[in-house]
Amino acid sequence: MRAKQREIIDALKVKPTIDPATEIRRSVDFLKAYLQRYDFMKTLVLGISGGQDSTLTGLLCEQAVTELRQETGDNDYRFIAVRLPYGEQADEDDAMMAIDFMDADEVQRVNIKPATDAMIQAVETSGKPISDFNKGNVKARQRMIAQYAIAGARSGAVVGTDHAAEAVTGFYTKYGDGATDICPIWRLDKRQGAAMLAQLGAPEHLYKKVPTADLEDDRPALPDEAALGVRYEDIDDYLEGRSVSEAAASRIEDWYAKTAHKRHLPVNVYDTFWQE
């Protein structure tokens, strides 16, 4: 195994194999313990895209609050699934299929288009035009503003969908979908998450569809793998300690180095990671 590969695996806590049922239990218990530790928190708030990661995380959230209601008799424990479309989203049917399957306690819908467009317009009147890529990051951050507004109104925690295959590549928006309170699937790679969804009986389409962040107007539904230049199969193999091609390993390690700032708090004078 490559030295850098071992370092990354240790940092992201990825196991070479998992028992899906055990990891489901671990994630649910983690969510329950967090809510019970902070007795002012009663809700879990999660944005639902209709992809694998939010579907899995939503199922874990719903199971956690259902068990808490049963065990404590406190019916204030709730899971709020949030749809956050930019206007009309092409994956709306998938998102609603996921929400229906997870049987969320509540569903809220916030159209981020007016706020996003207003922000873009306000910035552009005072400076240079905002690129389509930059606008995509604004969309991601507007979605988190909405989720935190809901969580603040409902004594809630915002739940993240970040996992090891995203963490290693930094494939999320800084202070966008990377800005959450709790990440129950953080240690898992992509195929391990799919195995957990299969264990939970989720519709195959939701975890076999092509993953996409779908943030760019100019390149709608751009596959993650096209944006990253490496397959999730190779990322998962790498994180599980298997051999991958030199090209794939170098690509993964390059992403890991370039996106180190996303896995840290804001840089201060004592930090050295950015110099490595």
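Just so it is clear, glycine is given a Cβ too, placed from its N, Cα and C backbone atoms.
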What does Swiss-Prot list, out of K135, K174, as binding the same deamido-NAD(+) as R141, D181, H261, K262?
K174
Of the candidates T17, T22, T161, T259, which does Swiss-Prot annotate as part of the ATP site that also includes G47, I48, S49, G50, G51, Q52, D53, S54, K190, T212?
T161
Could you tell me the C-alpha distance between D181 (deamido-NAD(+) binding site) and S49 (ATP binding site) in angstrom, no decimals?
18
Widest Cα span across the deamido-NAD(+) binders R141, K174, D181, H261, K262, in Å?
18
Alpha-carbon spacing, D53 (ATP binding site) to H261 (deamido-NAD(+) binding site), which is rounded to whole Å:
23
Cβ neighbour count (within 10 Å, all chains shown) around S49 (ATP binding site):
23
Specify the count of other C-beta atoms within 10 Å of the C-beta of K174 (deamido-NAD(+) binding site).
15
